Amino acid sequence: MSTDKTYCGFIAIVGRPNVGKSTLLNKLLGQKISITSRKAQTTRHRIVGIHTEGPYQAIYVDTPGLHMEEKRAINRLMNKAASSSIGDVELVIFVVEGTRWTPDDEMVLNKLRDGKAPVILAVNKVDNVQEKADLLPHLQFLANQMNFLDIVPISAETGMNVDTIAGIVRKHLPEAIHHFPEDYITDRSQRFMASEIIREKLMRFLGAELPYSVTVEIERFVTNERGGYDINGLILVEREGQKKMVIGNKGAKIKTIGIEARKDMQEMFEAPVHLELWVKVKSGWADDERALRSLGYVDDL
């Protein structure tokens, strides 16, 4: 019987919207799992990413950005998901952006002060700071906010110092059996990952034109006789005008979204994919908690 020790633990990645949490997770895992886009609030579910290296297994919880506005049902549920992630982990990575400090950062910090888990502060996008002389005083300001386990300036985009974060994580994993097989990257279903890929392309190609009132349901996900997948995706928007926006002139926009989403799916699933997309108006879904539950927004709370 093998007596080799193994180490395993949960790590929450927290921070206000759009500071680079998903990009950091993807870099830590070495591949794209969490949806990344320049728009705030693109992560809506607690995606678990798993990184196994030898005896070490780090299980990352990628939270929605904690933010102060809680007006709509979807925002309330996103905040609840983020707060619940903080409560049951061995370690927290708190991501902030360059020399910016906002009331939202302060709110996240206050939640962390109440927690028991040690906190690594990841100061992201330091490569984008114009006035380098401002960086050191800002790092000192951050160091005075709470007793951080470590403060690491990083660039999640380029990967700078991400290995330092990974090293600190490994050191703090408790001795435990691995929760997942070593080839697992995420515990989310392929159906869920397909919907996230489509949603990322919507964010990417529609940019600021489309509000957050868009979601994706996978209505069909089956293996075909060619050894690939037939996937039907339903894009839900709140208004007729948004539907036209998603479809684009003579269907050009939805065609581009479909082509790019299919490429990513084929890479992730390592199999040919036949993807069909439809757009449907379902008004008020972002305000209706029952509708959100039916779309899986609270399946993990």
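Just so you know, glycine gets a Cβ as well, placed from its N, Cα and C.
As recorded in Swiss-Prot:
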{"type": "BINDING", "residues": "15-22, 62-66, 124-127", "note": "GTP binding site"}
{"type": "DOMAIN", "residues": "7-175", "note": "domain 'Era-type G'"}
{"type": "DOMAIN", "residues": "206-283", "note": "domain 'KH type-2'"}
{"type": "REGION", "residues": "15-22", "note": "region 'G1'"}
{"type": "REGION", "residues": "41-45", "note": "region 'G2'"}
{"type": "REGION", "residues": "62-65", "note": "region 'G3'"}
{"type": "REGION", "residues": "124-127", "note": "region 'G4'"}
Discussion item. Same chain only, please: residues at least 6 beyond the ends of the region 'G4' (124-127) with a C-beta under 8 Å from a C-beta of the stretch. Say none if there are none.
Written reply: 19-20, 24, 95-98, 135, 153-158, 160
Discussion item. With every protein chain in view, what's the tally of Cβ atoms within 10 Å of the Cβ of N18 (GTP binding site), excluding that atom itself?
Written reply: 18
Worksheet item: What does DSSP call K21 (GTP binding site) in the simple three-state scheme?
Response: helix
Item to complete: Please list, for the region 'G4' (124-127), how many residues fall into helix, strand and coil according to DSSP.
Response: 2 helix, 1 strand, 1 coil
Discussion item. Need the DSSP three-state call for G15 (GTP binding site) to compare against my parser.
Written reply: coil
Response to the item:
Averaging the pLDDT values of the domain 'Era-type G' (7-175) gives 79
